[in-house]
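Engineer: Per TrEMBL, the features are:
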| type | residues | note |
| --- | --- | --- |
| DOMAIN | 40-432 | domain 'Amino acid transporter transmembrane' |
| TRANSMEM | 76-98 | transmembrane segment |
| TRANSMEM | 135-157 | transmembrane segment |
| TRANSMEM | 169-187 | transmembrane segment |
| TRANSMEM | 194-217 | transmembrane segment |
| TRANSMEM | 229-251 | transmembrane segment |
| TRANSMEM | 263-287 | transmembrane segment |
| TRANSMEM | 309-333 | transmembrane segment |
| TRANSMEM | 345-369 | transmembrane segment |
| TRANSMEM | 375-397 | transmembrane segment |
| TRANSMEM | 418-442 | transmembrane segment |
Amino acid sequence: MVPQKQAEAAIVMSEREQDDQREEERADQSIASFKNLLWHGGSVYDSWFSCASNQVAQVLLTLPYSFSQLGLLSGVLLQVFYGLLGSWTAYLISALYVEYRTRKEKENVSFKNHVIQWFEVLDGLLGPYWKAAGLAFNCTFLLFGSVIQLIACASNIYYINDNLDKRTWTYIFGACCATTVFIPSFHNYRIWSFLGLGMTTYTAWYLTIAAFVHGQVEGVVHSGPTKLVLYFTGATNILYTFGGHAVTVEIMHAMWMPQRFKYIYLFATFYVFTLTIPSASAVYWAFGDQLLNHANAFSLLPRTGFRDAAVILMLIHQFITFGFACTPLYFVWEKVVGVHDTKSMCLRALVRLPVVIPIWFLAIIFPFFGPINSAVGALLVSFTVYIIPALAHMLTYRKASARQNAAEKPPFFLPSWTAMYAVNTFIVLWVFVVGFGFGGWASMRNFIKQVDTFGLFAKCYQCKAPPPQHH
């Protein structure tokens, strides 16, 4: 009987151990599922949130400033125009990515531990000179895009706590943003993209409602546009607004099915219109020409709990957008150093840190919130986001055989290759002449004016009235 009881006890113990093991497995699966829910995104919806969240960051606060330069009608029309242009060139980039990846996979090339980037697409389709151009423009744009986020962080926090000047806040936020080195890739921005879009949605509607509640300031004047310099400066800031797809390839590569990206940027842009047009219009209606000397919309609205909440949410969102802009730079640097394929995140984070240092330094040298957006838009975004993708698409499919074997055929709303060439040619000419030419002239004049007025390494840009200029 004793052996039988021992056997029964052993069976009971075994069943308990199995139950415990099953519970542990279920717990591990629950933890893994929860982790994947927050951390590991690659769906169409993740890409939509990434595109929409990345597009409207701090530029939301500078668009009323642009409206004061452009006037209300031009401001709204140019938003729609550049939004559609940006959506089209994002579509071109996605088509070229699919073409490149299809060709490489036919050659049995694996991308298991490798993130494809825009300059590699250009290299594979058009050769080393295009790779060099893509690398130079894209990296420089992303570098200054990250600089702009740091400047915006310092500019915003100052409206809650002015005990420290903006330059000191830049030091602090530079250290905070350096923690983005620990985010492995765009797969891991799922929860951040979702939260980021919620933050900008709140801020946009806060600006709209607060402006109407505040009402028009006494003697408000809406004189814009008055000068060509101001007009084209404002126009290039809007060109910059809808040029956030310098990270399109990396976002696509993070998708489980990249071929489904085609129209995501367009749908993201439609949502962004619901944030940018009402908020910029309302703030411009309330304050008019006062915005010409206040690039940050927060600076004119009275301090309330709602405004402080908007400032804090934008700070968090700018941290997220800093990561968006910096992650492709991290990938490039990892490839240069030779650690991109390693699975050790600690080693990759350590290697990434030097990328943050020049960004930090440039944000301290050029703290010109607003004018720097226009300069970057004219000199970098015009090529990175508009001209290079349009030219690359035309050259990739210049031969009849390439068009016949294209992995991505023309879209249903523009089924002719001739029509696609016509649209691409228009974009190249328009952006080169208006965006880079007139926009570059205007934005650099405005930028130089800020340097003359406030100086490099300005301790607190637009904190007080600028000193009088002597001629």
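The backbone N, Cα and C atoms fix where each Cβ goes, glycine too.
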Engineer: Ranking 169-187, 194-217, 345-369, 375-397, 418-442 by the number of C-beta pairs under 8 Å to the transmembrane segment (76-98), which range is first?
Structural biologist: 375-397
Engineer: When you look at the transmembrane segment (194-217) alongside the transmembrane segment (229-251), do they share 3+ Cβ pairs under 8 Å, ignoring any pair fewer than 6 residues apart in sequence?
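Structural biologist: With fewer than 3 qualifying Cβ pairs, these stretches do not touch.
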Engineer: Using a Cβ distance cut-off of under 8 Å, indicate which of 263-287, 309-333, 375-397 has the most pairs with the transmembrane segment (135-157).
Structural biologist: 309-333
Engineer: Out of 194-217, 263-287, 309-333, 375-397, which stretch has the largest tally of CB pairs under 8 angstroms to the transmembrane segment (169-187)?
Structural biologist: 309-333
Engineer: Please report, as numbers and ranges, the same-chain residues at least 6 past the borders of the transmembrane segment (194-217) whose CB is under 8 Å from any CB of it.
Structural biologist: 49, 52-54, 56-57, 60-61, 64, 275-276, 278-279, 282-283, 285-288, 290, 297, 301-302, 304, 306-307, 309-310, 313-314, 316-317, 320-321
